[in-house]
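S.K.: Structure incoming, see below.
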């Protein structure tokens, strides 16, 4: 017999084969199975396997996370291989290559750059530093103001906490304009209609005012009615007008209804808005009576304007198309979010998509752009040379590791005028940084003023 009597012999295409029990291996089951000699030969959950050779050889089949003869070595796995930072950041390995950190692009924050950066739209004003924060629920930012500015977005100067918007000589107290008696409104820009005691017959005048509009109401005594408490309730009992309506006015329910050319209880006065409408920026003109009974023109302004004639533009988010609106003396200025361009952020920033070649510079005018060669003096460098007081002697351009005067630099490459005062600040950066670091650090180096 080929196989021992306690073994199973079977005929195969290649000849007779012995089928051994679990504790025996070899062609004729003549060897003890080495995997049965010790249950701990393979570590960390590895499986022992015996070869079908004479003599047999044992080996370990390891789990996915382990390697080595006995599965004793932990397999190193690149934690960045799964792209945990997505396309929003760069995955950086730790010194031991066991953990990673996401270095997010400017527009994103979070452990894996999964959140939009609230600082990306530059919400902090007046050169303040924006710091972004996040938790599992939401993101927020904090502005670190510099100099004499304060406020949630550093929008208010401590030298003038009301932003210089108080009108008609009104002082600023605790960030609010304190109006003289004859003026009213958030910025004291409107005449106080109650100052002239326009409510008649003992009526009480109340002002309703904000930054964009002003109005008044007369609270009449029991015996009078009308906008100015000018009509006696006793006279109304007769169901007629107190006097005949003038200038084509009609008596309706004891009141004179005037044509558009006239105003007054009896339509006795010409409408001051018809002769010369003083209201600008689509403001609405209406008549108002003074203490002498003479009507004068008053303006009701649209939401984004104020002033006696609606001549002062106020800030509104809609005016800047999503940008940050800041008031100036007679207008506004818009701080545009990234990707927009224009005095009202009304254009898409085409140059932000880098449409030009690497050796060209992108210039945008409204919704059009053009690519200018770095070697085209007329399109780039000549601009700076025309402003001799800035560029001829006191400015230079960094080219590679050299700091060249404007004319020489223009002959070699594109650059940007930099004040001589900054050369000491940036010279060490140019000689001790990589090219990418140079570009970033030059753009953020502080400018020293004389």
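Heads up, the Cβ atoms here are built off N, Cα and C, so glycines get one too.
According to TrEMBL, the protein carries these features:
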type	residues	note
DOMAIN	31-72	domain 'EGF-like'
DISULFID	62-71	disulfide bond
DOMAIN	76-114	domain 'EGF-like'
DISULFID	85-102	disulfide bond
DISULFID	104-113	disulfide bond
DOMAIN	115-155	domain 'EGF-like'
DISULFID	145-154	disulfide bond
DOMAIN	190-230	domain 'EGF-like'
DISULFID	220-229	disulfide bond
DOMAIN	269-311	domain 'EGF-like'
DISULFID	301-310	disulfide bond
DOMAIN	316-346	domain 'EGF-like'
DISULFID	336-345	disulfide bond
S.K.: Against which stretches of its own chain does the domain 'EGF-like' (316-346) lie, if we need a Cβ under 8 Å and a gap of at least six residues from its ends?
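M.R.: Counting only partners 6 or more residues beyond its ends, the domain 'EGF-like' (316-346) has Cβ contacts under 8 Å with 107, 120-123, 125, 153, 155, 163-165, 303-304, 352, 364, 366.
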S.K.: Residue 62 (disulfide bond): which of the disulfide-bonded residues 85, 336, 345 is the nearest Cα neighbour?
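M.R.: Of all the candidates listed, 85 is nearest in space.
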S.K.: C-alpha of residue 229 (disulfide bond) to C-alpha of residue 145 (disulfide bond): distance in Å?
M.R.: 53
S.K.: Provide the number of Cβ atoms within 10 Å of the Cβ of residue 85 (disulfide bond), excluding the reference atom itself.
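M.R.: Summing over all protein chains shown, residue 85 (disulfide bond) has 23 other Cβ atoms within 10 Å.
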S.K.: Closest to residue 220 (disulfide bond): which of the disulfide-bonded residues 85, 104, 154, 310, 336, going by Cα position?
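M.R.: Of all the candidates listed, 310 is nearest in space.
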S.K.: Which residues of the same chain, at least 6 positions away in sequence, have a Cβ lying under 8 Å from the Cβ of residue 301 (disulfide bond)?
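M.R.: Same-chain residues close to residue 301 (disulfide bond) (Cβ under 8 Å, separated by 6 or more) are 212, 213, 279, 281, 283, 307, 310.
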S.K.: Can you figure out which of 113, 145, 154 (the disulfide-bonded residues) comes closest in space to residue 85 (disulfide bond), comparing Cα atoms?
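M.R.: When the Cα distances are compared, 113 comes out closest.
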S.K.: Based on DSSP, tally up the residues of the domain 'EGF-like' (316-346) by helix, strand and coil.
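M.R.: When I sort the residues of the domain 'EGF-like' (316-346) into the three classes, I find 4 helix, 10 strand, 17 coil.
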S.K.: When DSSP states are grouped into helix, strand and coil, how many residues of the domain 'EGF-like' (31-72) land in each?
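M.R.: DSSP composition of the domain 'EGF-like' (31-72): 3 helix, 12 strand, 27 coil.
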S.K.: Cα of residue 336 (disulfide bond) to Cα of residue 154 (disulfide bond): how many Å, rounded?
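M.R.: About 17 Å separate the Cα atoms of these two residues.
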S.K.: Round to the nearest Å and give the CA-to-CA distance linking residue 113 (disulfide bond) with residue 102 (disulfide bond).
M.R.: 7
S.K.: Give me the long-range Cβ neighbours of residue 154 (disulfide bond): same chain, 6+ apart, Cβ under 8 Å, in sequence order.
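M.R.: The list for residue 154 (disulfide bond) reads 124, 125, 126, 128, 143, 145, 146, given in order along the sequence.
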S.K.: Let's see if you can do this one: DSSP helix, strand and coil counts over the domain 'EGF-like' (115-155), in that order.
M.R.: 0 helix, 16 strand, 25 coil
